[in-house]
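Copied over from TrEMBL:
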- 42-68: transmembrane segment (TRANSMEM)
- 88-105: transmembrane segment (TRANSMEM)
- 110-131: transmembrane segment (TRANSMEM)
- 211-233: transmembrane segment (TRANSMEM)
- 320-339: transmembrane segment (TRANSMEM)
- 359-386: transmembrane segment (TRANSMEM)
- 398-420: transmembrane segment (TRANSMEM)
- 440-463: transmembrane segment (TRANSMEM)
- 491-511: transmembrane segment (TRANSMEM)
- 523-546: transmembrane segment (TRANSMEM)
Amino acid sequence: MRIERNSSDDQGCKAAAGNMFSKLGCVVTNWIRYHIYFSRGALFISGLVFSHGLAEHAVMCILTSYFMENWKKTDLRQAAAVVNVEEGASTIMAIIVSYISDAYFCRFKVIVYTTALCIIGLLLLGVSTWISPEVDVRLLYPVVILLAVGKAGRDHPLKAFIVDQLTDSKPNQAIDKEQVEARKNFWWRVAWSLGLVASFCLSTSSLRCSFFTSALVMAVAYLWFLSGINFYCYKKLEGSPLTVVYKVFKAAVLKRHLAYPTSANGYFKNDRDQLLLWPIVPFFRWLDKASIVESSSCQLKLEEQEITGRLCSAVQVKQVKCLLTLVPIWTTFAVYGLVEATGRTFFVAQANDMDDNIGSLSVVCLFLTLKSFVSFLVSFLLQLLIPKWLSGAKRQCIILVRIGLGMVFSIFSCIAAWQVEVHRMNLIKEEKFSDQYTRLTITITIFWLAPQFTLLGLMGGFAEDGIRDLIYNYHVADQSKKLHDSSFRDCTLAIGNFLNILFAFIFRAWFRDNINNSRLDKYFLMLAMLTIGNLCLYFLAALVWYRKFWPEEETQQEKVKLNLDVTLEDALTDSVTDNSLSNNFFYCTIINRLI
């Protein structure tokens, strides 16, 4: 039996398909318009981003392997210490360089100076390949510091300088900060990904060739960056967020002898008429004195006091107090930085003594690329799935859960590394390696390390951006400050790197001249137990903070909005008489004023 298809059905299917493709085309077009914005200044800056991406994956990722294999007096513990010193110094330098570029020098000058130092560091690292391996590796600390300064200039000033080029400077036009951030991410990720792809071309070459090639590429990109000096947009210095913290502490110390005011008008720019500046923490109450208006006639004007740093607004005091309430939660992030530092040192050291059929350097880059890709993918999906219209309380709850999931994945990553190392050590016992053959590779495929690097990427995708969002969504009133990288996040990573050095020296009995004689399995097990305990502390600190320190006015606003909806609904259903309608309207007006 043949079924005749109606021509009207065919036309309906074609029309539905056409509508689907047209909607899809509109979505793609809107995405392109939102994320892609051409700027001549950004085009010149992207060359530097490309060179930094190349250097990061072709040089920085293999420093542990370089120190272990080319310096005879360097054991596993010393090689990891040198790499952690470079990472920790770069994060501390990032805070300092960020403050300097925001408060004193323009970002262009900071980028010029730091990039020049990075090129010198790469050249000296290439020259070190000609030095006798009998020389102490600590002679390379100056080179490591130069590389750290170069990375510090990349983290905040370079990103912020791209934002300056992508911000529409038309007068009387509102700036969409989220759109500018999306455009910056597009330019940065495209150039960084191209540098990552180019690093695989150097993975099969010698270390000397990789070091000098990276220095040459960065030097060419440096000249390309300088050639666009006439096309750049230079913004005025807006000051660093760290300056606010210093001003509040300074003003509070200078006014420590003053008594607290008896009315809300005693505080400078106290728009919310609060007698006790929120958050109400007895230990931090003395910071409220930074906002007290001195009534003595011999004092300077309020504007002059504010300029000299003797007077701060109530909003600034609130920001600093909110930031200080995050300290208990922030201390738990140090273990996250410790696991991250372990991944860049001891995880990489595991790969050096495993069976590898495609080249050890390329596999190290491949695993670190896998980690970065997973982290980016998770962060991107979370941005799509978490609605932007969520209220502050719900968004903060999601951020806390997001960070907690990142810490859970850090536990699984340490457990996976522990199990792989136990299996590898068992193979060493079975093959009966003697001391003279400790440099031989173990017959276990290197792709056993894929799970722990994947879990490390999941940890970063959930926790890293969550830490930044937690800080800025809570204590920063000006949303434009989100364009700055979190100094607290950088400080967390720095503490993690230095903790890795400290633990390596505390448990020095577990570390020998090479990985086959070491007991990394015990170290990874210790990290797993530490991360479990840290997760419990984080859960307790986050629960106390969320219940006690979340802004009461935001919760009150949600209740008032809910009451407003109920009242409006009652006004529509119960407005039978004019009197009842006027009464409902009267209550709605009061609620509107409260909001």
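Every residue, even glycine, has its Cβ placed from backbone N, Cα and C.
Between the transmembrane segment (491-511) and the transmembrane segment (88-105) there are 3 or more Cβ pairs closer than 8 Å, counting only residues 6 or more apart in sequence, so the two stretches are in contact. Contact between the transmembrane segment (320-339) and the transmembrane segment (42-68) is not supported: fewer than 3 Cβ pairs lie under 8 Å, counting only residues 6 or more apart in sequence.
Panel annotation: around the transmembrane segment (440-463), residues 333, 336, 339-340, 343, 347, 350-351, 353-356, 360, 363, 367-368, 370-379, 382, 402-403, 405-407, 409-410, 412-413, 416-417, 420, 423-424, 427-428, 431, 433, 516 of the same chain, lying at least six beyond its termini, place a Cβ under 8 Å from a Cβ of the stretch. Within its own chain, the transmembrane segment (110-131) is flanked in space by residues 48, 55, 59, 70, 97, 100-101, 139-140, 142-147, 149-154, 157-158, 161, 207-208, 211-212, 214-215, 218-219, 222, 225-226, which lie at least six positions past its ends and keep a Cβ under 8 Å from the stretch. With a cut-off of 8 Å on Cβ pairs spaced 6 or more residues apart, the transmembrane segment (211-233) and the transmembrane segment (523-546) reach fewer than 3 such pairs and are scored as not touching. By number of Cβ pairs under 8 Å, the transmembrane segment (359-386) is matched best by 42-68 from the list 42-68, 88-105, 523-546. Non-local neighbours of the transmembrane segment (523-546) in the same chain are 325-326, 328-329, 331-332, 335, 338-339, 342, 346, 396-397, 400, 403-404, 407-408, 410-411, 414-415, 417-418, 421, 503, 507, 510-511; each lies 6+ residues outside the stretch with a CB under 8 Å from one of its CB atoms.
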